[in-house]
Amino acid sequence: MTEVVHLHMPEEARATQSRDATPRERRYYVWTVGCQMNVSDSERLEAALQGVGYAPAERPEDASFIVLNSCSVRASAEERILGKLSEVQRLKRKHPDTKVVLWGCMVGPGNQSIFQSRLPMVDHFVSPSAVDEVLALAPNPIYQLEEPALPVARWDHPPVSVHVPIQYGCNMSCSFCVIPLRRGRERSRPLDEIVEECRRIVARGAKEITLLGQIVDSWGHDLPGRPDLADLLRAVHDIPGLLRLRFLTSHPAWMTDRLIAAVAELPRCMPDINLPVQAGDDALLKIMRRGYTVQRYRDLIAKIRDAIPDVSLTTDVIVGHPGETRERFEGTKRLLEDIRFDKVHIAAFSSRPGTRAADMELDPTLAVPEGEKQLRRIELERLQEQIAAERNARFLHQTVEVLVEGEHKGKWRGRTPGNKLVFFSDPDDWTGRLARVIITHTGPWSLQGVLARSDETFARVNGALHAVAAANGAAV
């Protein structure tokens, strides 16, 4: 999953903070590094903190309660957290009463004793996703929560799209991944609990829900009756007011015919599937302990595209894993050329302590030099940029439906059913609404267009585009 730094503070909170008289002792600051699961955990914590009377602080020095939600997927993520902790250490010299919590995947089994000696500025260490445990550490609460906090609970303007965790942990044993060591074994949330939470979120104004799990398509196998993700999609799909439904991240081993059929049949379930492949060589997939072959993956992609012709497919790839020869890397390159994904998250291998791949990295006959890792990463990124540009070009002059998430640099920003990012201009407020947009420009990362307010507008703009194309000797 992509490593991102997130500062969790709603825009309206920033705008009104200077007018807010909340004292420092009831202000919090949450800083998050990592995947969307971490982001969701932090959003829930913020909603809970606001529910007991806290207000967000824009800067750590303005808060008495600081929470750093950490990631261990790559070394760079841990380095960011350690850098932030150095900043916090200086702050605590000035404000020794500040309470600091290190939360998330850095705080796994066996790690707390190590970090307690290395990180004296941290008052408490809390395992991933334990929102209630972090909340209990907050000093000076005014209220008590009457029900579990939602990620939109205290926001005047809830986000258009909300991520809902449906499962925690992971039972896989991929050679490179530290997540099972940090988040533990899979635990699925009950179907009724998830549906009720989604219902409450939509009632607060959210329009799109993304169901979230480390291996989201394995949801339910540990629950009574063994429901599956297809069952859950059908249950959430029928919530009144919900416009769109997505899920991530999937594993090829759990992508069943029932799940593919559900995505194909449910109109509000978006044709958007993330299916990490990690490598395009059978020997390397075996080393990685992925549990499938290249041909099985290719067959699965063909099955998905046959059932969902307009599907948008994204994947994850690791380059430089121990044992990746140049020949094996070329297999991954061929796979990307053949399948032509809409988007690929490409990462250079990062050795994580405790994983099988970390031991392999110590073998000089298996390790890939760091410089070579980066060269391979750049090579695939350039290839994928070209593929993405070509795939997005098919939207030129087409009218697409865009769920508008908000404003960005003077333009409205939203996404198509296939999760393509679209920008357009209009004086009206389109936040949370579905817009018909005629695409006038495409690129590898986003699309731009004009609003088609009516059939007359569509005909006028489309006619102009045809005229331009004809003048250039091209077909629309």
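Cβ atoms are placed via backbone N, Cα and C, with glycine included.
For reference, Swiss-Prot has these:
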BINDING   Cys35, Cys71, Cys105  [4Fe-4S] cluster 1 binding site
COMPBIAS  1-14  compositional bias 'Basic and acidic residues'
DOMAIN    26-147  domain 'MTTase N-terminal'
DOMAIN    156-390  domain 'Radical SAM core'
DOMAIN    393-453  domain 'TRAM'
REGION    1-20  region 'Disordered'
Spatial neighbours, same chain, of Cys105 ([4Fe-4S] cluster 1 binding site) - Cβ under 8 Å, 6+ residues apart: Gly34, Asn38, Ser70, Cys71, Ser72, Val73, Pro128, Val178, Ile179, Arg182, Arg183
Counts of helix, strand and coil residues, the domain 'MTTase N-terminal' (26-147), according to DSSP: 53 helix, 25 strand, 44 coil
Local Cβ density at Cys71 ([4Fe-4S] cluster 1 binding site) - other Cβ atoms counted within 10 Å: 27
Secondary structure content of the domain 'TRAM' (393-453), with strand meaning DSSP E or B: 3 helix, 34 strand, 24 coil
Other CB atoms within 10 A, centred on Cys35 ([4Fe-4S] cluster 1 binding site): 22
